[in-house]
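Here is the structure we will look at.
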């Protein structure tokens with residue numbers, strides 16, 4: 001790995017009270033010392049200490065910035081290298097000026113995610129913990145943040161390591177049988193494989209069962225709001241978002257494109273998609289919007305199907321029920337403040353035991369019931385369990401699914417009289433796949449690709 005000293009701005013760009021420029025590497029303290037003027041040189045400052053001073057432009061010998069400097073010496077740092085954090089005034093000009101001065105003294109501009117990459121390469125965290133850092137930064141809800149934090153703390157890593165140890169014990173039993181064929185241990189070894197791999201198989205299955213909820217927490221639930229024009233789709237989106245993102249009028253077909261917004265509904269991150277009203281139309285622009293709406297519907301995890309309480313059901317309404325027959329749907333009957341024209345018995349029949357929520361968005365009635373329905377539909381209140389380890393990363397899920405397949409093959413082979421040296425192929429592959437989750441024997445290009453998704457300065 002590169003051992004040079006890196007630097008980057010670690011705070012968000014723009015105006016703010018504080019801006020931080022972070023350095024990491026063998027020369028981090030020495031580089032900062034060239035610029036720092038205070039009561040004592042940074043080289044003599046104790047680790048994990050904050051000192052006050054100024055930064056001076058080396059060439060022009062003028063005062064550049066007032067700073068608080070945090071000195072952290074290896075190995076008790078984020079990267080396990082010497083780390084300096086220069087806390088200066090926020091703002092693009094001041095922070096960039098400090099960064100340029102640091103680079104001029106020999107630091108290299110860090111690549112995206114390079115600080116966390118060094119933490120991984122230096123053994124402070126494993127790959128799943130590093131990915132947890134990225135999930136923590138991108139968290140959209142409190143629950144998503146807590147799930148990511150558990151991963152950063154090593155909850156998933158510990159579970160994977162325990163599984164790998166069980167598989168390793170199985171590999172050892174097989175190796176003994178292969179290396180010492182004079183001992184007739186074939187039957188015993190097959191039984192050992194069956195017992196140990198059945199346990200591993202079951203625990204991998206338990207992890208995979210958390211994948212749907214974990215993925216929702218990480219990426220948000222793609223939620224399509226559909227219905228005929230002017231039934232209240234945009235009003236529903238605005239009610240959930242609590243600000244006017246979509247145009248609300250009495251003119252059918254006002255929403256001519258797909259609008260998106262992230263919202264947090266009782267800890268469930270929703271990627272709300274307000275679609276154009278789905279209907280037959282001669283308007284070319286509206287037809288494009290309708291086509292996009294149909295595409296969004298096919299990709300949705302959850303559908304909020306909006307009906308008009310004050311109008312009879314139409315062929316278009318019934319077609320929407322048919323199009324969403326095999327999907328997770330919450331039926332919303334809006335405009336309950338008006339005189340009822342809709343046949344609620346027919347709505348219940350079409351809903352087929354799926355939740356029905358009556359609302360008057362004009363008077364802000366029914367929103368709480370809708371939020372409860374969303375929470376109940378996807379989490380049933382069970383996500384609060386603090387000890388549950390969620391798998392939310394797409395890479396982790398794919399590797400666990402492959403490992404699950406190989407444990408299944410090993411279990412079946414152990415009961416069918418297959419020679420143990422052939423069974424060992426699936427057992428060993430399971431061990432390797434689990435190792436890839438935490439960064440064992442992972443190709444360098446994959447590591448580079450993963451850390452490139454981070455922001456600069458992290």
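Backbone N, Cα and C define each Cβ position, glycine as well.
What TrEMBL says about a protein is an automatic prediction, not a curated fact.
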Listed co-binder of (6S)-5-formyl-5,6,7,8-tetrahydrofolate (same site as 85, 124, 458, source TrEMBL) among 22, 37, 39, 164:
22
Calculate the per-residue pLDDT averaged over the domain 'TrmE-type G' (220-379) and state the result as an integer.
78
For residue 233 (GTP binding site), the one of 22, 85, 124, 458 that lies nearest, given that the binding-site residues are compared by Cα:
458
What is the separation, in Å, between the Cα atoms of residue 124 ((6S)-5-formyl-5,6,7,8-tetrahydrofolate binding site) and residue 234 (Mg(2+) binding site)?
48
Ranked by the number of other Cβ atoms within 10 Å of their own Cβ, which of the binding-site residues 230, 234 ranks first?
234
Expressed to the nearest Å, what is the distance separating residue 230 (GTP binding site) and residue 458 ((6S)-5-formyl-5,6,7,8-tetrahydrofolate binding site) at their Cα atoms?
46
Determine, from DSSP, whether residue 124 ((6S)-5-formyl-5,6,7,8-tetrahydrofolate binding site) sits in helix, strand or coil.
coil
Counting all other Cβ atoms within 10 Å across every protein chain shown, which of the binding-site residues 22, 124, 233, 458 scores highest?
233
